[in-house]
């Protein structure tokens, strides 16, 4: 039976070191070592009996090799062990921090994307005259796109490469985010936001896998947890920019009545900036060497590892450190016949062969997640991802909706009702707001300011309505005679069971217009800002303790504590209380998110890593759609159902988390 690995460059045991540095003349001495003798280079801890860090790492490697030999899996895991040893030799330094920033910006773009539609919806619904059904679809379309994107890009990244797929995904997001900001119609806006979501949906599955493959085992848990902080920064960035841009409705321009560019469209553009900066940064980053080695591209992988080594040690002031790896075992490529087929025939035939082959490989990879050795882990992770996302995203929608509901109740409690008014020859040149006028009689009146006013069973004769912009003013069972509506947005749907006689509409405004104080209520931005900021302590704690207490305890403990926090929601009788409980819930649940993302990377082998992450993240977005829809439907009806649903889901997921294997002391498969 042949060796499943091939050696591209000579050496022994698949992991060779150069025996000696290039020979020097006897009297030659480098500038670095001149003036030092060997005793000066002695390790300080040697006098205290403390082993050298290199000796500790060597002992750990030997222990892992012994355990592997005992289990009979030496050949299967040799590449993983070799790669771990190489990453330890490369060190953690400037290269990882640069990649940390670039991939973090991609994650920040994903975080901002989740908030964009929610922030622009109050303004967009007026600009586009959206019905309640259209608003609901617009709110869910981004999650639908992200679900598709996670599934597709996750599968492709295991076959085409992490960097390549992340670049394509971010490029698609940027292009369609730009187009959506200029879309005037609801259909186009919906279409562009869908594809924007498909693009950004690939960022989470790829970013964690890509970054983790440049980390050694002792750095992986902590630095992946620090990376999670960028998602929080995306929420803060979106909240802060929405607060600063959207209320300034005059920040825009128009070209006639058909094209308008208001402040909320500028906000959509600004939210694409993190993706643009990440895209620029990725152009300077290399492909994952682990992906290249898994795909038998030994020379390319070796060169990138050498580059990482040299960048890190040069930045640490040790440019003389030599990359001593001479060769690495790389798996053989099994699809030589496919490569021959895809390089013959017409351009279309070659494209068809490559596409069909790629699709089959991706689907095969997805199905392999249910193989006997991965089935249990996949099922457990699917339940944990689903329950966590169902509760988190459901409550994330429920919190601001409850605040809006309380605001609406407070607003309605202040409604003024006027009965049987008789007004003649008067000019209303001030705003009438939050009022109901019943059985009134208005003769020869001028109305110039109406905001949230309802007229019932009233008579209007010889009246003049001018410059009215109000989507919440209605006339019900009224008689309107010899009246002129000039430059208003009052259309037929505003007149319910009314009788219009000799009534004229001149220069009527098309579309809908922003006019309510609720449209740009800064409290909603503040709620999202505080909810995102509350995640900071949990992020710091999880990063510092991820490698100390382990992934399993982090996930299970955080989910169970978050479940307990949901019962405080029974005490949410005011806006301040809701904001406080939201901050508490977000702060305690973030540690579970960080642990889930770290362990998802570590449970699966390199050839299936982004595929598994993509499938699980797609399931997460499905849970987000279900959770946000279900929880929103109970706003103003009852608190009991959302609280019990979130509590049950979190307890279920937290208990199941303790059934997962611990991965903190395992090499990246």
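Glycine is treated like the rest: Cβ placed from N, Cα and C.
Copied over from TrEMBL, here are the features:
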- 1-56: region 'Disordered' (REGION)
- 97-121: transmembrane segment (TRANSMEM)
- 99-664: domain 'Major facilitator superfamily (MFS) profile' (DOMAIN)
- 133-153: transmembrane segment (TRANSMEM)
- 165-183: transmembrane segment (TRANSMEM)
- 189-211: transmembrane segment (TRANSMEM)
- 223-246: transmembrane segment (TRANSMEM)
- 266-285: transmembrane segment (TRANSMEM)
- 374-395: transmembrane segment (TRANSMEM)
- 523-545: transmembrane segment (TRANSMEM)
- 552-573: transmembrane segment (TRANSMEM)
- 579-601: transmembrane segment (TRANSMEM)
- 613-634: transmembrane segment (TRANSMEM)
- 640-658: transmembrane segment (TRANSMEM)
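Confidence in the domain 'Major facilitator superfamily (MFS) profile' (99-664), given as mean pLDDT, stands at 84. Two recorded stretches are said to be in contact when at least 3 C-beta pairs lie under 8 angstroms, sequence spacing 6 or more; the transmembrane segment (552-573) and the transmembrane segment (266-285) fall short of this definition. The transmembrane segment (523-545) makes contact with the transmembrane segment (223-246): 3 or more of their CB pairs lie within 8 A, with pairs spaced 6 or more apart in sequence. Across the candidate stretches 97-121, 165-183, 223-246, 266-285, 640-658, the maximum count of CB pairs under 8 A to the transmembrane segment (133-153) is reached by 97-121. Across 189-211, 266-285, 579-601, the stretch most heavily in contact with the transmembrane segment (613-634), judged by Cβ pairs under 8 Å, is 189-211. Of the Cβ pairs linking the transmembrane segment (223-246) with the transmembrane segment (97-121) and spaced 6 or more residues apart, 3 or more are under 8 Å, so the two regions touch. Among residues of the same chain six or more beyond the transmembrane segment (640-658), those with a C-beta under 8 A of the stretch's C-beta atoms are 380, 383-384, 386-388, 390-391, 394-395, 398, 552, 555-560, 562-563, 566-567, 569-570, 592, 595, 630-631, 634. Of the Cβ pairs linking the transmembrane segment (579-601) with the transmembrane segment (189-211) and spaced 6 or more residues apart, 3 or more are under 8 Å, so the two regions touch.
Remote same-chain residues near the transmembrane segment (97-121) are listed as 135, 138-139, 141-142, 146, 166, 170, 173, 193, 196-197, 200-201, 203-204, 206-207, 210-211, 214, 223, 226-235, 237-239, 242, 246, 264, 267-268, 271-272, 274-275, 277-278, 281-282, 284-285, 400, 524-525, 528, 532 (criterion: CB distance under 8 Å, separation of at least six residues from the stretch ends).
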